[in-house]
Amino acid sequence: MSMFNKVVKEFQWGQHKVRMETGEIARQAGGAVLVDVEDTVVLATVVAAKSPKPGQDFFPLTVDYIEKTYAAGKIPGGFFKREGRPSENETLTSRLIDRPLRPLFPEGFYNDVQVVVHVVSLNPEVPADIPALIGASAALAVSGIPFNGPVGAARVGYKDGQYLLNPTRSQIATSDLDLVVAGTERAVLMVESEANQLSEDVMLGAVVYGHEQMQTAINAIHELVREGGKPEWDWAPAAKNEPLIAKVTEVALPLLQEAYQLRQKSARSQKLKEVSANVAAALAEAGVEADKVEVGNIMFDLEAKIVRGQILNGEPRIDGRDTRTVRPIEIRSSVLPRAHGSALFTRGETQALVVATLGTKSDEQIIDALAGEYRDRFMLHYNMPPFATGETGRVGSPKRREIGHGRLAKRALIPVLPKEDEFAYTIRLVSEITESNGSSSMASVCGGCLALMDAGVPVKAHVAGVAMGLILEGNKFAVLTDILGDEDHLGDMDFKVAGTDNGITALQMDIKVQGITKEIMQVALAQAKEGRLHILSNMQEAMGHARTELSAHAPRMITMKIHPDKIREVIGKGGSTIQALTKETGTTIDIQEDGTITIASTSTEGMAEAKRRIEGITAEAEVGKIYAGTVLKLLDFGAIVNILPGKDGLLHISEIVNERVKDIKDWLKEGQQVRVKLIQADEKGRLRLSLKAALAEEGGSISPINAGESAAPAAPAGGSEQQ
């Protein structure tokens, strides 16, 4: 009899066979599920503390998605040969798992919960993020931890008018859509997507299709729980302190209502601090002992009630706008004189300074992904220092939020970038958030597009982004355009839509409550389009098209092609030739395996010289052609003459003139410029030259050295050639 109480569930899910099992591996974890999708295998585990930490006022959920290199049959690089800090993909996938799980933990549950997902086997054609999300949901479901799941997830592609369920990597590469949707049986909770300018209807259809298809996985998790689940925790939220709620409400409600009539964020924030101080003083005067965390939660509920009530009753929003109005926009381009491209995009109290830098092929980011190494020619980095919100804080390496916001903005811009054969530059965008009051990632999209255009990148269209919110109470709802930070915090849905005049390029949706219908999402997407088109009109007015000239400080670039067999000649022994070329011409030279050479420099003269010299190095000597050569060395029986870079031939003593030559030094000297004809090239590459044949063909003459300078015309420097 086995020591394991193993439960296995298998099901067909689109083109993939899925296997979920629990009860064998990681039995001391609160919950552990192994998910196998066509040889992509993840181990998802969850552990929760039995009680919250004293004074805990938030839900401490941690999600760690970890890719093990052995999953792809690799040994890690570096000195220590161990997996190091999380890659960008690991960070983004951790966020992808976190976002749909977090809203499903019950209110008031403040115990530490840690979800850890290990990728232990990888089929390069099957991405691990969907199995990881399904596994994390299943591990929570079997653990008995308070959780209103399970959650299902699906990836949706779109090609030739058809939706694709969980497409392979090869299919994603040719798809017009890469969308991940997660949710419960009843509702969608999270959407993350990149699209090739698709309509709102197609995007909404993909969300609905993904939600329908994920039910297969949700049903399988239910079956797994029935057979292998642990008992549910005996947990209930702490009883509400009604007397405290009444006292805080009595003191705070009128003051909070006053605070939310202040339209400026700084004034409102100051007023809210005063309200908190007044409440604390009133409680102390009344002799009420209250936990600071508990009072803070009551205050938050009151703020939410005020803001949400005002909006649903048709009153102005926090800053005085109606539900559809976008904040005032100001745009300035070419902000930084030495940058290749820059733009300052300001929308209300949110501001992004976005800077574009152009580089060469050698500047591409080399990403050693689990599925295989690849190069990325477009980078977008998002930074939000603490001063952007008027606070102090840590400045340093990017946090998960910054990495996630940067990736969203990048997704929005990728569909409008020119192809590499149209614009060979490596592009880096950096978005510096200098002010923030909501929607900074969408400001990065707008500013990023303008910075690209300012740098002379021929983007296909303007791209704008807008952050939307939603307030839902029973059958009443209101969709908010261009939300503030407080509206994001107090609302039920945060979704960001970016795109062009022609369609959506990126969509990110996070829903905090269940009950948002297809019809509500339809209204929200239509209102988002209205806001996006308004922002696009402002951007088009500020900058109608990309600059036709690159910045004077940006590198110029030319591309040429040589035969792959000639690459080693250009590189030279130990890289000597190419190193000399780059140093002497002041250029950067990149050589691809197919023989494509990219020469970049801020000097057009340097590029032209480098190209000319490479053409000389790779040129083939042709029999019958006359070359301008240089005498390198004199021999008793002739001379060695260089006719092309790296191409030397023998000028035999009998091929100098038609008469008998007793001493070659009477006719030639080292360093002398002569015109010679290539008369023979054997299979070993040895060249035979003739001076007298060239003289006869061109009608020239040569005299002995002691009779004066050679009559042969001097060849131009660099070895030009003539038929």
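Counting begins at 1 with the first residue displayed.
Using the three backbone atoms N, Cα and C, a Cβ is placed for every residue, glycine included.
Of the given residue ranges 379-401, 655-677, 701-723, Swiss-Prot assigns the label region 'Disordered' to 701-723.
This prediction places the mean pLDDT of the domain 'KH' (555-614) at 91.
Counted within 10 Å of its Cβ, the other Cβ atoms near D488 (Mg(2+) binding site) come to 18, all protein chains included. With a 10 A radius on its CB, D494 (Mg(2+) binding site) counts 21 other CB atoms from all the protein chains. Taking DSSP states H, G and I as helix and E and B as strand, the domain 'KH' (555-614) has 32 helix, 16 strand, 12 coil. DSSP assigns D488 (Mg(2+) binding site) to a helical segment in the three-state reduction.
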